[in-house]
């Protein structure tokens with residue numbers, strides 16, 4: 001089953017034979033793994049930030065230096081050249097080494113936790129490409145975030161530890177074999193996904209809530225504890241490194257810092273006009289968000305056709321989008337007018353070093369270009385500039401409008417190309433852009449700072465695209481360090497989610513569907529209320545006897561793709577035909593490979609228990625395990641018998657055939673099942 005342990009005779013025997021010390025080891029390992037996942041994901045998060053800040057910093061400083069010398073064409077060539085090289089490297093990694101690393105990774109993790117064990121989603125090669133590809137494409141100036149890929153990275157780290165390392169890369173640990181079952185593996189990957197969010201946003205509680213609300217399909221209180229512990233470890237690791245980097249030892253990272261947009265300096269006091277403005281933001285966020293989802297869906301369908309043509313075409317598409325992004329980020333600031341530097345600012349103006357609000361671009365001394373301050377910056381710094389408080393007139397209304405349209409369009413066309421790309425940052429950027437724009441328009445009648453409007457705009461757009469409420473609310477509050485905004489953020493998220501839901505599904509649900517990953521919703525479809533379980537059972541049913549002929553088993557395995565088969569006990573092993581349990585395909589393959597056959601139809605369970613270890617039946621790593629082609633069964637063995645009782649799960653979940661289909665579906669989803677037996681009301 002998906003989240004269940006297979007309770008067959010081998011498992012029971014193994015559990016009975018464990019001593020107290022082994023059970024203690026098992027519990028200790030669970031917590032140790034949570035610690036390792038937290039440390040690993042935290043360190044990768046730090047590494048990503050340091051790498052992006054330094055690569056982007058080098059590129060932007062070079063461009064600024066050439067601009068100051070009025071070498072405008074050289075400046076563009078330097079910017080576009082760096083971007084193209086970084087983008088091509090990211091695309092090559094994705095196209096040739098791990099195609100599964102393209103995109104955000106959150107839909108794949110969500111599908112995995114729902115029960116889809118798709119090949120290579122969490123492979124070590126995917127982890128490698130996800131980390132380095134994400135650094136390269138964010139440094140290349142694409143309108144993508146490193147937050148979605150961090151969730152996937154956390155899940156990959158957890159999977160690597162959970163499956164006892166990787167045999168292919170000769171990294172295996174014998175004592176990790178306790179975790180060779182689905183439930184423990186999924187628990188670890190849930191911890192990894194939560195650690196990814198905590199590492200990306202420095203939001204430990206937000207990470208736990210994200211895993212609970214968006215990623216995991218199946219939850220229990222013990223898992224909540226471990227996830228919370230994992231994200232706490234991530235928070236400690238990040239804090240330690242930030243202290244270290246604040247001394248300036250991390251190169252340019254000391255300037256930019258891990259994303260933390262502190263808006264607590266602004267006074268939060270609101271009246272009726274402010275509430276109306278916030279409601280308007282929520283409605284706009286819902287409309288823009290659902291349109292964004294619709295466009296992303298259409299673009300992804302187009303790109304999937306293009307990407308099928310091979311790795312070279314994938315790389316060409318990435319390079320084209322990179323060139324377009326470079327033209328936008330360098331070309332659009334030329335349309336902005338130069339603004340005189342404010343007298344009362346504490347920052348240097350114009351700003352010629354890496355991060356800061358006031359970029360001079362082509363402007364004369366003591367003037368700055370507001371669009372360049374947004375485009376020629378790292379994404380994190382652009383958001384920091386948009387959320388900056390007490391700088392009402394810093395950005396022109398026209399500049400904010402141009403920025404919003406550009407980021408919205410670039411965000412749509414960038415997602416789906418062959419690079420690891422997160423959706424959070426483009427959405428926050430575009431949302432903060434129109435939030436600040438509405439703040440400027442409502443300036444005469446509102447008391448709220450435009451920086452707070454930018455934050456609420458980001459919240460509304462996030463709610464409109466991703467349709468999460470609780471986790472987004474907590475992530476945004478942890479990001480901005482301002483609890484006084486809680487009621488407004490809650491209001492804007494609820495409105496934007498409600499408006500968005502009227503048009504289409506959340507962006508991750510759409511991508512899961514588009515990728516063809518089967519996903520089971522938490523609620524039953526309305527038509528299911530009119531059907532019973534019997535109506536959807538297709539035949540003919542393939543069953544095995546408790547002691548079955550080897551030839552029959554092989555024939556069934558070859559002619560069907562089923563993963564589970566009911567085992568029926570018949571006379572002489574039972575008085576009347578009765579359901580003995582369920583046997584898994586993977587277990588049958590291991591049993592046939594072990595060749596514990598008998599010439600007569602007799603019970604030989606004890607021999608199976610003695611000759612085959614429980615760990616031979618443990619869940620293999622992704623893409624491993626015994627395959628049908630590995631079996632070498634001779635002709636004379638085909639007529640021999642094999643006892644299936646030791647590997648049969650004798651307590652499968654069963655429902656009666658007259659149960660409502662809606663009820664059966666909800667039961668299947670909430671218990672995290674993989675197989676459910678439908679039994680007749682009477683033996684007929």
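Using N, Cα and C of the backbone, Cβ positions are placed for all residues, glycine too.
As recorded in TrEMBL, the features of this protein are as follows:
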- 31-51: transmembrane segment (TRANSMEM)
- 72-98: transmembrane segment (TRANSMEM)
- 118-144: transmembrane segment (TRANSMEM)
- 188-211: transmembrane segment (TRANSMEM)
- 223-242: transmembrane segment (TRANSMEM)
- 275-295: transmembrane segment (TRANSMEM)
- 315-336: transmembrane segment (TRANSMEM)
- 400-429: transmembrane segment (TRANSMEM)
- 450-477: transmembrane segment (TRANSMEM)
- 483-500: transmembrane segment (TRANSMEM)
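In this chain, the transmembrane segment (72-98) does not touch the transmembrane segment (483-500); fewer than three CB pairs sit within less than 8 A of each other, excluding pairs fewer than 6 residues apart.
With pairs at least 6 apart in sequence, the transmembrane segment (31-51) and the transmembrane segment (118-144) have 3 or more Cβ pairs within the 8 Å limit; the two touch. Of the Cβ pairs linking the transmembrane segment (223-242) with the transmembrane segment (31-51) and spaced 6 or more residues apart, 3 or more are under 8 Å, so the two regions touch.
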